[in-house]
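First up is the structure itself, then whatever we jot down about it.
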Amino acid sequence: MSSPPPLFESREAPKGAKLVHRAFAASVFAGLCCTWIYRASSAASGLGRWAWNGMFAAELVLGFHWICCQAVRWNLTRYSPLPHLLSQRHEEELPAVDVFVCTADPVIEPPTLVVNTVLSVMSYNYPTRKLAVYLSDDGCSELTFYALHQASQFAKHWIPFCKRRNIEPRSPDAYFDKPTARPSGQDYCLLELCFYVKKLYEEMKSRIETMAEKGSVPPETRSQHKGFLQWGRHNNVTKRNHQSIVEIVIDGREEDAVDEDGDRLPTLVYVAREKRPQFHHNFKAGAMNALIRASSEMSNGAVILNLDCDMFSNDPDAIRDALCFFLDEQSGHRIAFVQHPQQYFNVTKNDLYGNSPLQTDKVELAGMGGYGAALYIGTGCFHRREALCGNKYSSKVDGQGSINWKSNDVNKTAKEMEEASKVLVSCSYEEGTRWGKEMGLVYGCPVEDVVTGMKIQCNGWKSIYYRPQKEAAFLGVAPNTLEISLIQHKRWAEGLFQIFLSSYCPLVYGHKRLPLGAQLGYCTYLLWAATAFPTLCYLVLAPLCLLQGIPLFPQVSSPWFIPFAYVYGARTIYSLVEGLMCGYTVKGWWNLQRVVLLRRSSSYVFSFVDTVAKQLGLSKASGFAVTAKVVTEDVRRRYEEEVMEFGSSSTTFIIVATVAMVNLFGLVGGIGKWWWVDGGMSLMGLQFGLCSVVVGLNLPVYVALFFRRDDGCLPVDVMFKAVGLASLAACLMAI
């Protein structure tokens, strides 16, 4: 009997494109080897010797990182689900799906933002009796619970409105902000319905925001749901010290849990795991593990979708697309998770802060998926529950019956399930268990998602990276200030580097468990912090040595000039062409180069230093930093106009400004010193070129230092400190 056709297609890059890339990579690698040979066989004297050795070390590290970057481009594979086949073969036996939404702070992550995400996933085109939505509130805020309760009432109108009209997206804020939200034509009934639902939403939003401004829920409102009793005056609830709270806001089994059309609503549950000062709560990883256990007592969906609270669902059929991978009869039994890219709805035309790097989304992550080792990035990911719970892959299980789940006792009352779940999310439950080690998300790392994904893959499972060709399945809120973006990357780079220095280093932990290409692919990201000081060597030593007449590269007339020029030129041209093919504008690609430079010379420096200090026991682990989602109107306007936002005297910006000034001094002073010297430009050609590029990338920094007078400029004290430090560095080099 022939096997049924697959539920998804996989397409590798064309052979011609592979050959071209591999030939290019081989030629650049040969050029790198030549530059290393030149550095090793030549030597400078005096002060130049230290600069020379620093450049050599920097080129070795950056060269290895470049090799890792090629590993993710070696085996590009793109996947496409076939949902029409899924409906034909599995419509009557679709598995239960649990959706986890995580929030941690009602101020940084406003309740209206959270409930928009919740409403978008409650409106999926999926059988509601098999859909359950769980909100984890690590802030344990009655305001968040109030917002969720309000959303549960509005859902009775919103869900049928979405499904009747088949509207997209199904986040109310995102939908009503669209110009097409108003129906066209003369269908007055439809127009009236649209205005009615919008009015209901705006009233709900106004109530939530008014309550947030007051800071607490008044007594008359508490009578609307028994869950408000958890925040009673005798319970003394605070963010870091409170009992377990589990409240079933909508019980999808109840007869009265229906929308205005009489159709069943999905189950909706609020969870605030217990927190006590004497227990470490393990941040988002602990919240996710608590949700896994609590949901197992209630709906126990075989598939879990986890989302950050600021990332709403943009595709109502996203679940069905993901199930095409899990339920495929030929290879679905091996798939542990399906990861979507992290995309944003508020990215500017030229992606000012590099928030949505298209080359990463379309090339690098697809390359990791080609090894069956797609990265788990913490949101927008569909999991097989058994794999997430630590079970190892077994080749004995295959085919259609690969997704199994036990049926929960439907005779339990909501009260019984709530009480049982409270025990599972208590502080002491995990003591002496495998949770956080072999079960659930791994503890002890700020980027628990990446290390958890790698551990799952080392258990024998495969993972899929799926980037829809149509609309993005999920859209989040991108950082709209430079400082927030750099703080976010500082946390990511620090956590990733911790993985590299831990027992989970992919070159060790993944040895013989993961393909070599996947191991190197992981290192592309785990070594972000390690590129900090090598990049600083280039950014600081080249201009300072230019001022003092110390050549760090072969002169233009030397044969050794060719490999240096080829490596820099070929890599730049390839990056530009790849970026344009992925959809960047030239300005967008240039913005990305600037942002990468700023990250490496600031955020990643702190990440490297902090990680090494922790490894040496010189500092304690820092807390999880939640990035702000709300900014002022002036900041939003400048972001939309693509004007970089500084406005702070932070150490990060002092470093950024100092590096910019060092290169400006080097370029201007170098031209004044060597332009008129016979052979000077030939001797210092590459250093002039390097400083010119860095100065060009830093133009917004100079404008913010010397010309802007708005609130987003760099403060005067930063200017004086940057000029002073750059001058001091130049003077020290002259001594």
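Using the three backbone atoms N, Cα and C, a Cβ is placed for every residue, glycine included.
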Between the ranges 61-79, 688-706, TrEMBL assigns transmembrane segment to 688-706
Cβ distance under 8 Å to D449 (active site), same chain, sequence separation 6 or more: which residues?
Y376, I377, G378, C381, L441
How many Å separate the Cα atoms of D138 (UDP-alpha-D-glucose binding site) and K284 (Mn(2+) binding site)?
8
For D308 (Mn(2+) binding site) and E109 (UDP-alpha-D-glucose binding site), determine the Cα separation and express it in whole Å.
10
Can you count the other CB atoms that lie within 10 A of the CB of K284 (Mn(2+) binding site)?
23
Provide the number of Cβ atoms within 10 Å of the Cβ of E109 (UDP-alpha-D-glucose binding site), excluding the reference atom itself.
26
Using Cα coordinates, what distance in whole Å links K284 (Mn(2+) binding site) and E109 (UDP-alpha-D-glucose binding site)?
14
